[in-house]
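Below is one structure; the comments refer to it alone.
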Amino acid sequence: MGNSQRLWYGFAITAVIFAVANIIGVHTHLHSHFFINAFAVDTVMIVLSIGVILALKRNLHFALSWPKLRYLPKPLLIGMAVSLVFNILIAIVTRHTGVSKETASLLNGMTPLQVFVFVFIYASIAEELLFRGFLLNLLSPLKGKGVACLKRKLSLPVILSALVFGLAHLILITTGAGAAILIMLVISATCLGLVAGYYQEKHNNHSYAIIVHMAGNLIPFLGILLMSASHA
């Protein structure tokens with residue numbers, strides 16, 4: 001498969017999987033007090049992502065193993081730092097634009113356990129399988145190209161997969177999020193995607209991307225815990 005084909009197939013397949021997962025999710029009503037509707041979206045995303053990874057295994061290398069403990073601190077801390085910075089910025093934007101609490105907190109209505117299971121763990125795995133497990137790995141032959149940032153090389157596959165991941169968060173417009181919040185979320189997701197992709201590529205191990213994503217989701221999870229404790 002040529003590089004141009006990888007780009008076209010990568011973007012097209014990623015878009016189709018993301019669209020199908022969200023369409024099915026919208027029309028799936030679980031009628032459960034615990035399982036949220038996003039569970040259906042993420043499940044479809046996981047199944048389809050694994051399917052295309054297996055179908056195209058001759059054209060992409062997918063490596064997944066337990067990460068080494070001595071390599072965990074940096075991706076964990078950087079993932080948390082990116083999330084913390086942008087959550088603070090979003091809080092500032094929310095306060096100065098008069099956005100409603102429902103729009104400002106996209107996790108409202110979820111219990112801490114639901115956030116832990118479906119956002120911190122399940123969504124992190126689902127999104128990383130698609131955007132890093134599939135897309136970044138399919139584009140890996142292009143990693144000779146890239147840019148230097150903070151004395152680190154960000155390869156073209158890392159950059160492109162992060163940009164697509166960030167833009168995918170425009171789907172949150174369906175929640176009623178305002179333009180300012182959407183822009184911040186897209187930029188935040190793109191930055192987190194850059195970190196996730198960088199560490200996956202550096203260690204040739206998909207688990208590092210998932211860990212970075214979980215670290216990023218840890219901040220809103222802790223926020224939910226604090227809010228729950230304050231209302232207890």
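Placement of Cβ uses the backbone N, Cα and C atoms for every residue, glycine included.
Nobody curates TrEMBL annotations by hand; they come from automatic prediction.
Residues annotated as domain 'CAAX prenyl protease 2/Lysostaphin resistance protein A-like' in TrEMBL: 112-219. Mean pLDDT of the predicted structure over the domain 'CAAX prenyl protease 2/Lysostaphin resistance protein A-like' (112-219): 93.
Nonlocal intrachain contacts for the transmembrane segment (7-28), taken as residues 6+ away from its ends with a CB within less than 8 angstroms of a stretch CB, comprise 1, 37-38, 40-42, 44-45, 48-49, 52, 130-131, 134-135, 138-139, 142, 160, 164, 168, 171. According to TrEMBL, the transmembrane segment annotation covers 7-28 (among others).
Taken from TrEMBL, the feature transmembrane segment applies to 34-56 (among others). Away from its own ends, the transmembrane segment (34-56) comes close to residues 13, 17-18, 20-22, 24-26, 28, 62, 110, 114, 118, 122-123, 125-127, 129-130, 133-134, 137-138 of its chain (Cβ-Cβ under 8 Å, at least six residues beyond either end).
What TrEMBL records for 76-93 (among others) is transmembrane segment. Distant neighbours of the transmembrane segment (76-93): 99, 104, 180-181, 184-185, 187-188, 191-192, 195-196, 211-220, 223; these residues of the same chain sit at least 6 beyond its ends, with a Cβ under 8 Å from one of its Cβ atoms.
As annotated by TrEMBL, transmembrane segment applies to 113-134 (among others). Sequence-distant neighbours of the transmembrane segment (113-134) (same chain, 6+ residues past either end, Cβ-Cβ under 8 Å): 10, 13-14, 17-18, 34-36, 38-39, 41-43, 45-46, 48-50, 52-53, 60, 62, 64, 107, 161-162, 164-165, 168, 193, 196-197, 200, 206, 209-210, 213-214, 217-218, 220-221, 224.
For 154-173 (among others), the entry in TrEMBL reads transmembrane segment.
Sequence annotations record features per position, and here TrEMBL assigns transmembrane segment to 179-199 (among others). Long-range Cβ contacts of the transmembrane segment (179-199) within its own chain (Cβ-Cβ under 8 Å, at least 6 residues beyond either end) map to 74-75, 78-79, 82-83, 86-87, 89-90, 93-94, 97, 99, 103-104, 128, 131-132, 136, 152, 154-155, 157-159, 161-163, 165-170, 172-173, 208-213, 216.
Annotated transmembrane segment per TrEMBL: 208-229 (among others), in sequence order. Non-local neighbours of the transmembrane segment (208-229) in the same chain are 67, 71-72, 75-80, 82-84, 87, 107, 110-112, 115-116, 119-121, 123-125, 127-128, 132-133, 136, 192, 195-197, 199-200, 202; each lies 6+ residues outside the stretch with a CB under 8 Å from one of its CB atoms.
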Can you tell me how the residues of the domain 'CAAX prenyl protease 2/Lysostaphin resistance protein A-like' (112-219) break down into helix, strand and coil by DSSP?
89 helix, 8 strand, 11 coil
